[in-house]
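These features come from Swiss-Prot:
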BINDING   R129, R169, G175, G176, K208, I210, E215, G241, I242, H243, Q284, E298  ATP 1 binding site
BINDING   Q284, E298  Mg(2+) 1 binding site
BINDING   Q284, E298  Mn(2+) 1 binding site
BINDING   E298, N300  Mn(2+) 2 binding site
BINDING   E298, N300  Mg(2+) 2 binding site
BINDING   R707, A746, L748, E752, G777, V778, H779, S780, Q820, E832  ATP 2 binding site
BINDING   Q820, E832  Mg(2+) 3 binding site
BINDING   Q820, E832  Mn(2+) 3 binding site
BINDING   E832, N834  Mg(2+) 4 binding site
BINDING   E832, N834  Mn(2+) 4 binding site
DOMAIN    133-327  domain 'ATP-grasp 1'
DOMAIN    671-861  domain 'ATP-grasp 2'
DOMAIN    930-1061  domain 'MGS-like'
REGION    1-401  region 'Carboxyphosphate synthetic domain'
REGION    402-546  region 'Oligomerization domain'
REGION    547-929  region 'Carbamoyl phosphate synthetic domain'
REGION    930-1061  region 'Allosteric domain'
Amino acid sequence: MPKRTDVHKIMVIGSGPIIIGQAAEFDYSGTQACLALREEGYEVVLVNSNPATIMTDTEIADKVYIEPLTVESVSRIIRQEFPDAILPTLGGQIGLNLAIALAKTGILEELGIKLLGTQLDAIDQAEDRQRFKDLMQELNEPVPDSKTVETVQEALDFAAEIGYPVIVRPAFTMGGTGGGLCDNPEQLKEIVANGLELSPATQCLIEKSIMGYKEIEFEVMRDADNNAMVVCSMENFDPVGIHTGDSIVFAPTQTLSDREYQMLRNCSLKLIRALKIEGGCNVQLALDPNSYRYYVIEVNPRVSRSSALASKATGYPIAKLAAKIAVGLTLDEIKNPVTGTTFAEFEPALDYVVAKIPRWPFDKFTRANRRLGTQMKATGEVMAIGRSAQEALQKAVRSLEIDEKDLISAKAQSATDDEVEEKLFHAQDDRLFYIAEAFRRGYTIEEVHELTKINLYYLDIVKQIVELESELSQNKEDLDVLKRAKRYGYSDYTIAKLWGTTEDEVRNLRKEHKLLPVYKMVDTCAAEFDSSTPYFYSSYDLENESKKSDKKSVLVIGSGPIRIGQGVEFDYATVHSVKAIQKLGYEAIVMNSNPETVSTDFSISDKLYFEPLTLEDVLNVIDLEQPMGVIVQFGGQTAINLAAGLEAHSVKILGTTVEDLDRAEDRELFDQTIKNLGLKQPIGKTATTQEQVIACAEEIGYPVLVRPSYVLGGRAMEIVNNEQELLDYLAQNAPAEIDHPILVDAYLSGLECEVDAICDGKDVLLPGIMEHIEHAGVHSGDSMAVYPPQSFDENIKQQIVDATEKLAVALKCVGIMNIQFIIHNNEAYVLEVNPRASRTVPFLSKITGIEMAQVATRVILGESLAEQGYQSGLYRESDMVHVKAPVFSFSKLADVDSFLGPEMKSTGEVMGSDYTFEKALYKAFTGAKMELPDNGNVLLTIEDKDKDAVLPLAKRFSKIGYRMFATEGTSQFLRENGLFVQTVDKLGKDTGNETSLHDLIVNDGVDLVINTMSHDQEVASDGFVIRQLAIEHNIALLTSLNTADALLKALENRSFATNSL
């Protein structure tokens, strides 16, 4: 069927900010789709609120709008652009829900706008729990006993009828939001109440639990001619009961017989045809491990996290083809871009095994509830490819960049047998390490299966890895055992640990005996057809398929899995670095381990190595490719941490040298540089013992800021007010050591700001200064930022520019760097310097038009700023005002305190742009889903020290017609100052007031909670409980008065003043 000619301009809806359950995979799929539509000759208009994406680059679509993803905002753009059609299935759940909401307003019908790809009715049928169940019964496909409910009572009645445990699944949500497993009525009441609140349709499905079944996924495609095919089958290591986004996953399926595979494949194809889905779709199935009985769990009628994984696992570009199907092309007329010869209807065949492991944020949230269930908690994931499941699994573990670099966990080793069994029975993020530990202690596969319900095959894989461990320990330098270990994915690091030697010695032994990895191609067809994809993985196999080219090449190290503190922004910088390398005529080679990102799309670079980002794996690629150098500035802390090891092996680090990187990161060297330049910084000390930490704090004077050296995202960083808090901090975090010193700084109050700068060794370009809206003490990644600055005069800007130029030249920065300042008493103090790309690069690049990562890469490769047409100093400021706002995923992480401080907690960001600060703020708040009514209710729970500061804010709330509620102390203070405030009872206190704080929040009596009650390290503190209640009930929450001030500016700008004469 030829492509559509009745459509010329297509609007693509993006997925908005990164949150748990909806991460970088939609940047990848959205980018692919826009490029595919343009390739077919259509004009593309893109709407997305997330500036940190490749998708929102001006060359991806004909027109790019970075605006809030709301009905009001998108309707405005539709009336401005008049697209012929909208493609909503590539923007995740956000894009789908927005398309449904737009259709309900009647605007699509009014303007004759078509929906491309899967139609609304099909989306509704797959997403509406009751309609989906009815369709399954019509098709005679089994679903677990279930009922759609709209009240808590209905849920309780149905659960009583079918018996516990039951699973709750809210409709039209993603990442298992608001869902969960319930063993009793109390849990059910709580989870259903929350689920109904979070479901746009206010409905939940209550279903009989089928925990312990195998969880199987099929990624399927269908076109308008009803051709359908399976792209990839995937099997969860964890049985049903743990969200697939929190499960280890293998592709292709490993434990299905041919009969089981065909049965589930046929079911998946039957479903996609019955739902009339056009494009990609994900089918989740549960299979009884002891019979041929299966159930359909759900269908996602859109491109999803699993489709990004399936695309990278097979090399088959699902989103690209889904976009082409949406405009009428069929699978039998689209060429497979990988082989270039076969058509897209050929099902991919894999001659390797892929393992995916989720990356959780619990290293940052040590107090979070780590139990895994039906609600997703991972922020990202890693993928590894091997010739065996053992190899893929071990490579994936070392890709995670956590404390454990293999299956040997010190924590698991020191646990008692009871603790090990508890960890096996109640799944947490670290269960895999405890399974390995159980086998070390002599537990049988059957005993571990009884506790975990994990398939015997997968347990056997772990057991084989553990058995080889003891063989390695007993046969030091035995080449046969070494060969087997390398085929099982063992790293030199682990082998060295078991042999009691060094990693370099193992490496030298391997090289001496020619035991080297080869690189295999990912070609979608198991080598059945000729293929020339530049997409490789390593294995200790026979034939090497990756040939070094004659061109000079540069290796760019990616940033690994998405986690808090190191998000999609670094992938953005990596992709732009690759573009610059290619424009200068070099071959660009990328190494990365993240299946969700644009950088691991093999069409982006000249060669892609999908490998763990460890020293051994990077050196192996360098041995083969012999690049002229390696760029580490764009891969976040992951890449920077590899620099010293690479240099020690005589690898050329391009750009800022390792010695100069070290000078910026090493406290004493840095302090010396600051002193030599005559710049100011807060008083700071370095301590290597606990006693020293306490002595330093005494000497500087409380409050102090304490943090470990060499971290990203403010991990383990805290403001402490007295010695007791300092002792608590040291007990919670690793003690100070010679190798890992702790930094103690004076805590200065004032306005924070940051700059990104590009330096060629002589000239220094500052694309812009970003002022933080929250005062010092809130991590820069969690702070709202505004460009150009609103509170700085020319004198302060000049101080910042002078300090930046001096530092960049003195630190011999070649490439990009980020500096954070605090403005205290009208003077700029240097807080920290990061000699690499920071998370603000995409934001600043978009608003200034300077492709910062590309400019920096050209500098790194020897082209000066002057040769690129830039001069030293601050780039001209834009006429518009741009605000970057953080977005959090607290609703997915129980027990994480939402009080903002120096430890970063946000998962994503949005941007608001307009001609006034207030309007830009309003758009940023709206984009971050903080949509407040013109006159609503606000609850103020304020620390004593903040009462004076809250008074002017309370007066402004009163002026725009907000009703105020507060507990006794705050209420009395505000009433004494002439304001009308309703007093509410404190938590757990009944003092005869009309309502209590608890009931006010639980019964949705307020629209906004402002809570500055400090996090006194007590999980049960009132402040913490209030914040948790607000998050559970989906109520806007602010913990900083600066943010409240900004929100008021936005609200005041929207409402009319009413003053008497």
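Cβ from N, Cα, C; glycine included.
Feature annotations (Swiss-Prot) mapped to structure.
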residue	record	DSSP (3 states)
R129	ATP 1 binding site	helix
K208	ATP 1 binding site	strand
I242	ATP 1 binding site	coil
E298	Mg(2+) 1 binding site	strand
L748	ATP 2 binding site	coil
G777	ATP 2 binding site	coil
Q820	ATP 2 binding site	strand
E832	Mg(2+) 3 binding site	strand
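In this view, R129 (ATP 1 binding site) is surrounded by 25 other Cβ atoms within 10 Å of its Cβ, with every protein chain counted. Over the region 'Carbamoyl phosphate synthetic domain' (547-929), the average per-residue pLDDT in this prediction is 92. Cβ neighbour count for Q284 (ATP 1 binding site): 20 (other Cβ atoms within 10 Å of its Cβ, all protein chains included). When the binding-site residues E215, Q284, L748, E832, N834 are screened for a C-alpha within 10 angstroms of the C-alpha of N300 (Mn(2+) 2 binding site), the residues that qualify, in sequence order, are Q284. Within 10 Å of the Cα of R129 (ATP 1 binding site), the following binding-site residues from the list E298, H779, N834 place their own Cα: E298. Of all the binding-site residues given, namely E298, L748, G777, Q820, E832, N834, those whose Cα is no farther than the 10 Å limit from the Cα of Q284 (ATP 1 binding site) are E298. Secondary structure of the region 'Allosteric domain' (930-1061) per DSSP (helix as H, G, I; strand as E, B; remaining residues coil): 56 helix, 23 strand, 53 coil. Counted with DSSP, the region 'Oligomerization domain' (402-546) comes out as 77 helix, 11 strand, 57 coil. Comparing Cα positions, G777 (ATP 2 binding site) lies closest to E832 out of the binding-site residues K208, E215, E298, E832, N834. Note: Q820 (ATP 2 binding site) has non-local neighbours E752, C753, E754, S780, V830, L831, E832, V833, i.e. same-chain residues 6+ apart with C-beta under 8 A of its own C-beta. By neighbour count, meaning other C-beta atoms within 10 Å, the densest spot among the binding-site residues K208, R707, H779 is H779. R707 (ATP 2 binding site) sits 15 Å from N834 (Mg(2+) 4 binding site), taking the CA atoms of both as reference points.
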